[in-house]
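S.K.: I'd like to ask you about the structure that follows.
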Amino acid sequence: MSPLPQPPDAMPDAALLVAYANGDPEAARLLAARVLPRVLGQATRMLQDRAEAEDVAQEAMLRLWRIAPDWRQGEAQVTTWLFRVVANLCTDRLRRRKRTGVGLDQIAEPVDQTPGAAAGLQTAARLRALSDALAELPERQAQAVALRHLEGLSNPEIAVIMDISPRAVESLTARGKRALAAILAGRRDALGYDDDGSTDG
Amino acid sequence: MDDLDTLFATARTQFPPPGDDLVARVLADAAAQQPGPAIPRRHRSRGAGWLQDLLGGWPALTGVIAAGLAGLWIGAAPPAGVEGLAAELVGTTQTVTFLPETDVTLFEDPTDG
């Protein structure tokens with residue numbers, strides 16, 4: 001598999017998508033090179049499961065290819081659309097995870113296998129616990145919290161992605177963050193926070 | 001909340017590069033979903049295609065033909081009352097003679113009768 005080419009920065013994502021829809025054989029490679037790392041990153045940060053994140057990334061890109069012939073330039077940003085699709089696909093996965101009860105102890109491998117095994121495993125376990133805690137939140141809260149605190153987006157950006165007002169985003173993220181803190185507080189021992197001297201928030 | 005903010009910050013450092021397998025799957029999907037190159041429609045030069053396009057398709061074209069035939073028939077064999085109706089609508093009827101009798105006599109054969 002040859003590496004993905006680096007697209008020229010001047011060409012907007014939407015123009016590449018339209019070129020793809022018009023049959024340009026190179027457009028898909030250029031667009032994937034630009035957006036796939038971001039899509040996979042968002043899914044990974046939310047799910048903390050490499051295989052699930054890759055499935056979500058593939059599904060999000062598939063939906064992008066399918067919508068290409070109907071894409072209207074100027075109406076939406078490709079990145080905004082992808083943020084929304086990935087957030088929705090991830091909350092679907094989290095809901096399924098919660099329903100089927102796939103928990104932390106059933107995960108074979110951590111996502112982040114950094115050297116220094118013990119510390120790496122503990123970090124991975126905590127990140128997975130964060131993801132599991134997101135699964136406990138109402139979907140909109142989980143999406144708003146993830147976009148704000150995992151993606152680092154601003155409230156107005158999240159408002160566009162979620163099609164709600166910035167004030168509603170503020171409310172969702174505040175309530176979601178409080179709920180997450182409460183859920184994780186109940187797992188401090190299991191996650192080793194008391195071993196490494198972390199302070200309670 | 002400190003633990004949570006630390007976790008968020010740690011998660012934000014995760015940027016896993018897409019593996020070759022994922023890239024291959026994504027591009028295979030793209031190839032399978034890609035519409036063919038746009039092919040311009042061939043110009044139709046046969047028959048009444050241009051007229052059909054101009055009028056808006058076969059239904060409109062058959063309507064025009066039917067109206068034309070009806071007009072031709074009414075002109076050739078006007079139903080009773082059409083002339084009276086025309087007189088009422090127009091107000092008067094005039095007869096125009098293109099070949100006055102005086103002129104006609106110029107062309108008459110003097111050897112005739």
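Numbers run from 1 along the shown chain.
Glycine residues also receive a Cβ, built from the backbone N, Cα and C atoms like all the rest.
TrEMBL labels come from automatic prediction, so no person has curated them.
Small disclaimer: the values here were computed from a predicted structure and weren't measured.
Checked TrEMBL, it gives:
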DOMAIN    A:32-100  domain 'RNA polymerase sigma-70 region 2'
DOMAIN    A:128-180  domain 'RNA polymerase sigma factor 70 region 4 type 2'
S.K.: Provide the three-state DSSP residue tally for the domain 'RNA polymerase sigma factor 70 region 4 type 2' (A:128-180): helix first, then strand, then coil.
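M.R.: Each residue of the domain 'RNA polymerase sigma factor 70 region 4 type 2' (A:128-180) counted once, the result is 44 helix, 0 strand, 9 coil.
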S.K.: Counting by DSSP, what is the helix, strand and coil composition of the domain 'RNA polymerase sigma-70 region 2' (A:32-100)?
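M.R.: Taking the domain 'RNA polymerase sigma-70 region 2' (A:32-100) as a whole: 60 helix, 0 strand, 9 coil.
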